[in-house]
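Below is one structure, written out as structure tokens; the observations come after it.
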Amino acid sequence: MNGTGNLMDFLDEPFPDVGTYEDFHTIDWLREKSRDTDRHRKITTKSKESYWELIKSLLDAWSGWVVMLLIGMLTGTLAGVIDLAVDWMTDLKEGVCLSAFYYSHEQCCWTSNETTFDDRDKCPQWQKWAELMTGHSEGAGAYVLNYFLYVLWALLFSFLAVSLVRVFAPYACGSGIPEIKTILSGFIIRGYLGKWTLLIKTVTLVLAVSSGLSLGKEGPLVHVACCCGNLFCSLFSKYSKNEGKRREVLSAAAAAGVSVAFGAPIGGVLFSLEEVSYYFPLKTLWRSFFAALVAAFTLRAINPFGNSRLVLFYVEYHTPWRRKTTLLGKYPVLEVIVITGITAVLAFPNPYTRRSTSELISELFNDCGALESSQLCDYVNNPNMSRPVDDIPDRPAGPGVYSALWQLALALIFKIVITIFTFGMKIPSGLFIPSMAVGAIAGRIVGIAVEQMAYHHHDWIIFKNWCRPGADCVTPGLYAMVGAAACLGGVTRMTVSLVVIMFELTGGLEYIVPLMAAAVTSKWVADAFGKEGIYESHIQLNGYPYLDVRDEFTHRTLATDVMRPRRSEPPLAVLTQDSTTVEDVETLIKDTDYNGFPVVVSRESERLIGFVQRRELTVAIKTARQKQDGVVSSSVVYFTEDNPQVAEACDPQPLKLRRILNLSPFTVTDHTPMETVVDIFRKLGLRQCLVTRSGRLLGIITKKDVLRHMAQMMNQDPESIMFN
């Protein structure tokens, strides 16, 4: 009150918590956009008043680029640290460097002067555990001891990972991409992008990958990057107080995550656009590219692999399911320990499953040059051959190649089975690298088979027109690369971004056509089994309220068929503009769990005035009781524009809350086709819309009502979309 008769609008000055959202609720995209427009208009107006205000407006304009710079630098730094730590801890399972214990196997032998070309991986400074403990590096005893310690280290790493996740940050488990997609669509999951989640995800990601489980760090790196984005958003009110603007930053952060995961800045931007982002304006495109570029430069400056490349399996060619629960799933720590034990026991005997998955992919992608010593390159050479190193003709396979084929076939079966059980455990786990490994193994096997057929049967009709005797006709490493792209595309349904990522990995434009053919074919084949990729399936499995823009709705239903209340339900809970008391409002809030309430002229007319959010109503009344004199339970709440008059001095003071009233809620008529309603929810990001007829309120449709109706039309359980 000012004086005795003039009633202020209580919300003339802002106060904390108005405009924020409850946990596990959906944001109002239209409202966030409107709030940002108002903020920008005020800044523009003030910038004309003084030089200081002009400087503040310039700082506000550049704050977005500053945030992108910080995200790129921190994401690149964390990715470099993770790569270095994973490389060291993976080798730690087999041995230790005597000259510097923090060196990996490769780093340890870099500085050795006693390494020969044939035994480039052996040097006196690096010793396996059996040799270090017993002095013997060969024999059955040494093999058993190395085997035992390999399994023991794997169990220790996985136990530490699952324990840290379970105790400190439960949200640090899994890939994170399904949840990131849901958050970017407007859903609130408090703590999922928090500081503790960032710290624990970074540490446990190193432990999980080093344990040798069939998982990758590429998916979780997107989660790590988004945590970095959320961290820097809190430093700028422009993003911390507007959930819509925050999601623009998170979209760019996702691009930076993919950039450092694959060394593919352009692919990262396209991945964010194609796979995870719900709202992607043009300025976000440029900022995403900048963040991805800074992240890639930072990672290259760290140079974790010592070859100036951003990924371990960079190559260059010179020639033209998921479960809901299991018995073990009820005991997450035991589940991780059991799966890790099985993985380590089965992986150690096979050299292609013992090594890290990234190293496996690197070897499968490699072209066999004259300097390669891998089993996969054990061909019978012609002693009279005098060709350049990069133009070696097709040759008959030697015994090493045939031995490698059997080992790869066993590795393929092992990777397929163990990945199914690994993905979804309560540790950080990505699916990109295991999927690529499966495809690369299959591709390399097929590539070697085609290569040998071309060599021995070059006169067949499929070979004779393009493969002359003594020529380099088939590159098995290229088949591995195409197989990796096809398998990853089938799992995730990625297309354009996948091709660009693989192109940036290989560094050659010549192979875009086979990669495009592989991506499209794999998507067609996978779509025959189901339209959802692994991340969409994960979203459905967890019941996240995600409205996919790719889902089609072709049923002939109307808004009146979906709106609430139904005929058997109680009337819609509403507020009147000038006849509801504070006690009535508090009782309504206590007895219901709705996110907001329509405001009407009167209960008799049901003429719609606007819509008020539950959280803002609660905060406004609580703060009014503390700061405004005379507000009691019998005070009348007014949503009108004119100031109400107090009839008598003894009457309680009214409470005017028009400022929190949304005067332009989105409305549809009861005969609007649901196909149109679904499209409106998708494109405008609505959390609810009101159903009217000639201005009279009939009901309400929320995002979950739309999802339930779509599930029901597809003969699915309508309650399956509820958050779990």
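Every residue, even glycine, has its Cβ placed from backbone N, Cα and C.
Here the structure is a predicted model, which means the values were calculated and not measured.
Taken from TrEMBL, the feature transmembrane segment covers 62-82 (among others). Counting same-chain residues at least six beyond the ends of the transmembrane segment (62-82), those with a Cβ under 8 angstroms from any Cβ of the stretch are 202, 205-206, 217, 221, 224-225, 228-229, 231-233, 235-236, 238-239, 249, 252-253, 256-257, 259-261, 283, 287, 290-299, 301-304.
Summarising the annotation, TrEMBL assigns transmembrane segment to 147-172 (among others). Counting same-chain residues at least six beyond the ends of the transmembrane segment (147-172), those with a Cβ under 8 angstroms from any Cβ of the stretch are 89, 92-94, 129-130, 179, 189, 191-192, 194, 196-197, 199-201, 203-204, 207-208, 210-213, 332-333, 336-337, 340-341, 343-345, 348, 354, 425-428.
Annotated transmembrane segment per TrEMBL: 193-215 (among others), in sequence order.
Taken from TrEMBL, the feature transmembrane segment applies to 221-237 (among others). Long-range Cβ contacts of the transmembrane segment (221-237) within its own chain (Cβ-Cβ under 8 Å, at least 6 residues beyond either end) map to 63, 67, 70-71, 74-75, 78-79, 82, 175-177, 179-180, 183, 193-195, 197-198, 201-202, 205, 246, 249-250, 252-254, 256-258, 260-261, 276, 295, 428, 430.
Cβ atoms under 8 Å from those of the transmembrane segment (249-273) belong to residues 64, 67-68, 71-72, 75-76, 79-80, 180, 183-184, 193, 217-219, 221-226, 228-230, 232-233, 239, 279-280, 284-285, 287-296, 298-299, 309-311, 314, 432, 494, 496-498, 500-501, 503-505 of the same chain, restricted to positions at least 6 beyond its ends. For 249-273 (among others), the entry in TrEMBL reads transmembrane segment.
The feature transmembrane segment is assigned by TrEMBL to 285-306 (among others). Counting only same-chain residues 6+ beyond the ends of the transmembrane segment (285-306), those with a CB under 8 A from a CB of the stretch are 64-65, 68-69, 71-73, 75-77, 79-81, 83-84, 87, 106-107, 110, 225, 248, 251-253, 255-260, 263, 265-266, 268-269, 272-273, 312.
Among residues of the same chain six or more beyond the transmembrane segment (327-348), those with a C-beta under 8 A of the stretch's C-beta atoms are 147, 150-151, 154-155, 157-159, 161-163, 166, 211-214, 354, 414, 418, 421-422, 425-427. As annotated by TrEMBL, transmembrane segment applies to 327-348 (among others).
Listed by sequence, the residues of this chain that lie at least six past the ends of the transmembrane segment (404-424) yet keep a Cβ under 8 A from its Cβ atoms are 174-175, 213-215, 321-323, 339, 342-343, 346-347, 350-353, 360, 374-376, 378, 431, 434-435, 437-438, 441-442, 444-445, 448, 534. The annotation transmembrane segment is assigned in TrEMBL to 404-424 (among others).
TrEMBL lists 431-450 (among others) with the feature transmembrane segment. Tertiary neighbourhood of the transmembrane segment (431-450): same-chain residues 175, 214-219, 261, 352, 357-358, 360-361, 364-365, 376, 397, 401, 405, 408-409, 411-412, 415-416, 419, 422-423, 474-488, 491-492, 534, selected by CB-CB distance under 8 Å and a gap of 6+ residues from either end.
Annotation source TrEMBL lists transmembrane segment at 478-503 (among others). Through the fold, the transmembrane segment (478-503) approaches residues 258, 262, 264, 266-268, 270-271, 273-275, 315, 317, 361, 364-365, 367, 431-432, 435-444, 446-447, 450, 509, 511-512, 514-516, 518-523, 525-527, 532-536 of its own chain, all at least 6 residues removed from its boundaries and within a Cβ separation under 8 Å.
Sequence annotations record features per position, and here TrEMBL assigns domain 'CBS' to 563-627 (among others). Averaged over the domain 'CBS' (563-627), the predicted model reaches a pLDDT of 90.
The domain 'CBS' annotation in TrEMBL covers 661-719 (among others).
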For the transmembrane segment (193-215), distant same-chain residues with Cβ under 8 A (at least six beyond the ends): 78, 81-82, 85-86, 89-90, 92-93, 153-155, 157-158, 160-162, 164-165, 168-169, 171-172, 176, 183, 221, 223-224, 226-231, 250, 339-340, 343-344, 347, 354, 356-357, 415, 418-419, 422-423, 425, 427-431, 433-434, 437
Counts by DSSP class (helix H/G/I, strand E/B, coil) across the domain 'CBS' (661-719): 24 helix, 19 strand, 16 coil
